[in-house]
Amino acid sequence: MATMASTSNCSPVATSPLMMLLFKALQEGGDSEDEARRRREQLNRRPSYRMILKDLETADKVMKKEPEETPPSSVDASPLQFQSVMRPPPTAPPTSAATPNRILPSSNAASPYGSPLGSSILSNQPLVLPFAPINGDFDFSAAIAAASQPKVFPGGPQQNGLGGGGGGGGVPGPSSGIAGMSVQPPTSSTPSQQQSVQSLEGTSGLIGSAMKPMLGIDAVSFPEFGTTDWQSPMLSGGYSSSPSPTMTGGSMRMGGGPLHGEDESNRKRQVRLLKNREAAKECRRKKKEYVKCLENRVSVLENQNKALIEELKTLKELYCRKEKDGM
């Protein structure tokens, strides 16, 4: 009974290491499978060299496109700026004698839109607006509509910018030196003709006086139309404009030095071309040497062939002589 108890007590002790070994083996097998699966997942997640190169190329393209997408700075005047420049000089407070369409320029304050004729000429006579101002501003739509209408001269065909002389004299042209002043129409003309003449003269004078300080151009009279136009100094050869710093900066940024990636690629290409040239020179030199060596060998072989032929001839002659002597 004691021995059986001892065996029964020893059996679990003896079998426990085997079970532990089996359990460890199973655990290691499971761990190895998990590790293999984990490694496969990591390898799948890890980007390949092709993906890395693709990312680098896209980054280079983005860097190249960034300076190209920046638009060059423009110096064009906006319509609001143009409208602010085209506004007439500040008006004086209206009096009982002044009409809504008549502006009396003050002699104390100088107008910011001064003409080359001087402020004294403009201050002597009132400036006539052919249209009623809208909210204190000049009505540009009405001015454009009036300018598009044909100009009618009552005294017949105009000559040298003046209306033909019927009964009431001619309309003074812009060569008189006063642009945009009130025009005295002939007495025989109708009210619609007077209004058209005043609108044309007033519009041309206002636009001319407003555009002169902005564009820096001189007034030129055209006798065919009886209005003032502007001749740009660029047509006479005296125009010279300095580029703005924003434009020069944009052009330097756009077409200046290449980027770092382009510089590196150009340098590598030049190095590759130099290496190719050196290799081609070396190849040609070796080819010439090889051809010379072959020519030398051919000449040596030809000389040896000649010597062997002569030796063969002498041997034949000796052999023939011996045969003759033996017979």
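From the backbone N, Cα and C atoms, a Cβ is placed for every residue, glycine too.
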What range among 214-248, 284-318 does Swiss-Prot record as coiled coil?
284-318
Using a Cβ cut-off under 8 Å, which residues of the same chain at least 6 positions beyond either end of the region 'Leucine-zipper' (294-315) come close to it?
none
